[in-house]
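> The following block contains the structure, expressed as structure tokens.
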Amino acid sequence: MTNSNLRTENHFDYVKITLASPERVMSWGQRTLPNGQVVGEVTKPETINYRTLKPEMDGLFCEKIFGPSKDWECHCGKYKRVRHRGIVCERCGVEVTESRVRRHRMGFIKLAAPVSHVWYLKGIPSYVAILLDMPLRDVEQIVYFNCYVVLDQGDHKDLKYKQLLTEDEWLEIEDEIYAEDSTIENEPVVGIGAEALQQLLEDLDLKEIAETLREEITGSKGQKRAKLIKRLRVIDNFIATNARPEWMVLDAIPVIPPDLRPMVQLDGGRFATSDLNDLYRRVINRNNRLARLQEILAPEIIVRNEKRMLQEAVDALVDNGRRGRTVVGANNRALKSLSDIIEGKQGRFRQNLLGKRVDYSGRSVIVVGPKLKMHQCGLPKEMAIELFQPFVIHRLIRQNIVNNIKAAKKLIQRADDEVMQVLQEVIDGHPILLNRAPTLHRLGIQAFEPKLVDGRAIQLHPLVCPAFNADFDGDQMAVHVPLAIESQTEARMLMLASNNILSPATGEPIVTPSQDMVLGSYYLTAIQPEASKPDFGDQSKTFASLDDVINAFEDKRIKLHDWVWVRFNGEVDDDDHGEPSHSETLEDGTRIEQWNLRRDRLDEQGALISRFVLTTVGRVVMNHTIIDAVAIA
């Protein structure tokens, strides 16, 4: 697929994150220019020249490595304009191209000594420690130059492979080796720092270790077995991804493109820069100093100290604060490392890649809507008019209320009555999706029929709260409008709240009344001990139907907990056992039976003619509500 700039778009299925080999790290940043020159290595800590405000060559913003900072213009200004596309300036070595290449071209820093990757060393679990089958404390002692490690015991009987030695212990062994009467021919080899770690990891034969571990697992149990399985799992993953353990030790560090760590000039002439530039500068300074010390054959203790400082600088770049003191900038603020940019809610993945803004969506606080049906939600008019605007405009034009989109938008801004009427027509039967973050299971997004409400809060039925894990203490929910007919149908058929009664995890009902609803139901159906029961036929307390009771309650002629006689032909609980308390045969042959909480009139054959029950007004309200809800459902 090609667009107007003739750029090819690569379609991909997935993103896979694996360990990168040193060669691959170099290949990300290393490029061969059309004139045959190889560029990519960042060797200077400088960013820009403060007099010319142009990037320094071979620095962190170098135009030769990352591309020109102005479209179609080289560093020295010899070549300008698009007609010189692809030419490499013979004076400054900058390729004439678009400046946007500075968003994706990378560089690299070739390290004077290997350094360990802090994620694999200090992560939980520590993969380096698991692979080497050593305690993490011991591995740290090696990496941060506190202890030597035996890489080859040679002819020395007291040494073992991977044994740790302090400085004093190694000096004693050296004296022993180089003594005049020494019988040791094959000298032991020890190492320190990330170089020693790299050597230990290189010595691992993963396939052989995996076979040995499988044999050991069959004959072991308990905690030892769990530890072996843990190690085997890590080794199997390395084998499956064709990654080598020594790649966890870095020989080169990639430098991300300069436009992703920009430097901008402020009004006062000062510069604001990304924290990454400071962290990269520390690494380059220490790396260059180490290279110079190695060149002049400086004493081992000085070189070793510089290597440790380089290790700490790379640790801070990758994950500041994971180990040791946190590197701080001006006003004692911790610098944001690569890990800080990637991880967390504000990180690159959750904020920018997964959390993109979506058209036809809104967000507002939720409040309880007890008068709603379970499949309904209250949508503020202000939100609805914005979300359904294209549909409203289309209908306004189709009904010849307006002639064009501009006139329709003006009418909508005035919130005309006609607009509200059209909006009501549009949302009828058009489901919307409500989502509450975090969406931990499929019931985190459900469909509802919108009902227009005043105010600015979304109204939600209290019964659907457990599915969303929502409460009404300031929670917010997002609204999405399904546009296509297919998506609307799916929302109605599969996602409607009244169709999602059971939890997908347990199969038990997730729609269960709780808190206020339980309390309300209890209060509604409670019996007041001091309330007196009326006699049958009392005009103020005897009613012909449930509706009459509710009308009398709404007119405030009776109270919620008053006892009433009401005619009711439905099923009742047979809470009376034995004989009726009073029985009487009338002149027409019919019989009256008086029970504790009901009064029945039966014909000569004993069939029920009419029934009055003694109950409270609250119970009538509850019963009437349930019957209405079931009848609609």
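Cβ atoms here come from the backbone N, Cα and C positions, even for glycine.
Among the features that Swiss-Prot reports, Zn(2+) binding site is placed at CYS74, CYS76, CYS89, CYS92, with the record citing sequence analysis. Marked as Mg(2+) binding site by Swiss-Prot on the basis of sequence analysis: ASP471, ASP473, ASP475.
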> Counting every protein chain present, what is the number of Cβ atoms, excluding its own, within 10 Å of the Cβ of ASP473 (Mg(2+) binding site)?
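Here the count is 7.
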> With CYS74 (Zn(2+) binding site) as the reference Cα, tell me which of the binding-site residues ASP471, ASP473, ASP475 is the closest one.
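Nearest in space to CYS74 (Zn(2+) binding site), counting only the binding-site residues, is ASP475.
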> Expressed to the nearest Å, what is the distance separating ASP473 (Mg(2+) binding site) and CYS76 (Zn(2+) binding site) at their Cα atoms?
61
> Distance check, please: Cα of CYS92 (Zn(2+) binding site) against Cα of ASP471 (Mg(2+) binding site), rounded to an integer number of angstrom.
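Cα-Cα distance, CYS92 (Zn(2+) binding site) to ASP471 (Mg(2+) binding site): 64 Å.
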> Within the same chain, and leaving aside CYS74, CYS76, CYS89, CYS92, name every residue whose CB is within 8 angstroms of the centroid of the CB atoms belonging to the recorded Zn(2+) site, in sequence order.
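These residues sit around the Zn(2+) site: HIS75, GLY77, LYS78, TYR79, ARG91, GLY93, VAL94.
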> Including all protein chains displayed, how many Cβ atoms other than that of ASP475 (Mg(2+) binding site) lie within 10 Å of its Cβ?
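Summing over all protein chains shown, ASP475 (Mg(2+) binding site) has 17 other Cβ atoms within 10 Å.
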> Quick check on the binding-site residues CYS74, CYS76, CYS89, CYS92: which one has the highest count of other Cβ atoms within 10 Å of its Cβ?
CYS74
> Can you give me the residues near the recorded Mg(2+) site, meaning same chain, not ASP471, ASP473, ASP475 themselves, Cβ no more than 8 Å from the center of the site's Cβ atoms?
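Counting only non-site residues, the set is ILE366, ALA470, PHE472, GLY474.
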> For ASP471 (Mg(2+) binding site), just count the other CB atoms lying within 10 A of its CB, please.
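For ASP471 (Mg(2+) binding site), the 10 Å Cβ neighbour count is 13.
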> So, in DSSP terms, is CYS74 (Zn(2+) binding site) helix, strand, or coil?
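Going by the DSSP assignment, CYS74 (Zn(2+) binding site) belongs to neither helix nor strand, so it counts as coil.
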> Can you tell me how far the Cα of CYS76 (Zn(2+) binding site) sits from the Cα of ASP471 (Mg(2+) binding site), in Å?
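Cα-Cα, rounded: 63 Å.
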